[in-house]
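Input: a single structure, listed below in structure tokens.
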Amino acid sequence: MKKVTVRFTNNSKKRFYQIFIDSGLIKKITSIINVNSYSKIFVITDHNVKKLYHDKILSSLPNKVITIVLPSGEKEKNIVNIQKIWAAMHAAQCDRKSLIINLGGGVISDMGGFAASTFMRGVNFINIPTTLLSQVDASVGGKTGIDFDGIKNLIGTFNQPQAVIADIQTLTTLPKREFLSGFAEIIKHGLIRDKKYFEKITSKSPFEFTQDEIKDIILKSCHIKADIIKNDETENNSRRILNFGHTIGHAIESHCLETSLPLLHGEAISIGMLAEAEISHYMNLLTVSDLKLIRKVLINAELPVFASGLQTEKIIKTINSDKKTEKGIVNFTLLSGIGNALFNQHVPIDLISKVIESITKKSL
Ligand SMILES: NC(=O)c1ccc[n+]([C@@H]2O[C@H](COP(=O)([O-])OP(=O)(O)OC[C@H]3O[C@@H](n4cnc5c(N)ncnc54)[C@H](O)[C@@H]3O)[C@@H](O)[C@H]2O)c1
Ligand SMILES: [Zn+2]
């Protein structure tokens, strides 16, 4: 079993938790977490994951488990489902000695973490991520939340889990498109922090990596994320580099949710990363050859790089209401080379429009 320690400072106190990565870990939860120290255990999951992994998790937990099942998908990451979780927790007499286990992808860890943060001002939770995207990114770092008023993650908290248990066996049932969506965040980790890692993960098609190689990739991505958040848990400065691709990507993701062909999170981030790499190039930070390489690796990883049909003005309006906007200035994370990112970059509005125009008009 591989482990990553996530260190952070909370209220001036140094804290940490661990990410456990291996095959078959769902069956071994009790050897990782002392479940008997909790008064009650709540499992929050979605319909798809329940069918696949609920029996497995129940067989490895004591009897006192209450399961809360939500519909799946980004559209469900909303206040209505949070109310359902709160109501179920209340009905089952959840108290501050209970434990919440979030079993599922990033939608479940974002919502379950938010419900756990807010119910009785905070109940402990652990994440058991079952998608590649949540194993390398969403389940780590303590951002929880929901979408609101058409804006991604507008409502949320910073609250760290007690532990993250990534059972890589769950990836065997993941649809291919979801697996590739997770690869977008992996590529992001290479682009913002580590050129060698970027070269390794783009050396072949995502499906050509063996299970052991995927385990190492999850480990490395978790190390990169842990290293970035350790000095800036609540994203006041350096953690912002993790937002590369997300300023434009989140706006695209929100607008696509309203169409008949919604993009997955990683797919929208792929388009956002290429757009923000283009901005980096126009701002003389990134060479044209690096820009071309980024386009090539995203296409090779079968990720989209254009969002045809969306309206430029609507996307720009959404970008302006992004959480990263302060005093009317949009803060972008840009690349100054492969493996190097710069945060708090101010981009002229006409350059943003030009790039959005080009990604919404083009098609492959
Ligand atoms: N908090 C953070 O730091 C952070 C970071 C990145 C992304 N996110 C958020 O994560 C969300 C995306 O997460 P996601 O891509 O995991 O999506 P998701 O949670 O919607 O899961 C994707 C789909 O796969 C299904 N699924 C999950 N595990 C499965 C398995 N093992 N086998 C078969 N099907 C399975 C789910 O039911 C769902 O239909 C977005 O809302 C994004 O904003 C959060
Ligand atoms: Zn993301």
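Using the three backbone atoms N, Cα and C, a Cβ is placed for every residue, glycine included.
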Fill in: Same Zn(2+) site per TrEMBL - residue from Glu185, Glu313, Glu357 joining His246, His265
Glu185
Worksheet, complete the sentence: Students should find that the Cα atoms of Thr173 (NAD(+) binding site) and His265 (Zn(2+) binding site) sit apart, in Å rounded to an integer, by 19
Response to the item:
Out of the binding-site residues Ser109, Thr173, the residue with the smallest number of other Cβ atoms within 10 Å is Thr173
Worksheet entry | Cα-Cα distance linking Ser109 (NAD(+) binding site) and Glu185 (Zn(2+) binding site), given in Å to the nearest integer | 16
Response to the item:
Distance filter, Cβ under 6 Å of ligand 1; input binding-site residues Ser72, Gly106, Thr131, Thr170, His246, His265; output Ser72, Gly106, Thr131, Thr170, His265
Response to the item:
According to DSSP, Thr131 (NAD(+) binding site) sits in coil
Item to complete: Specify the secondary structure state of His265 (Zn(2+) binding site) as given by DSSP, simplified to three classes.
Response: helix
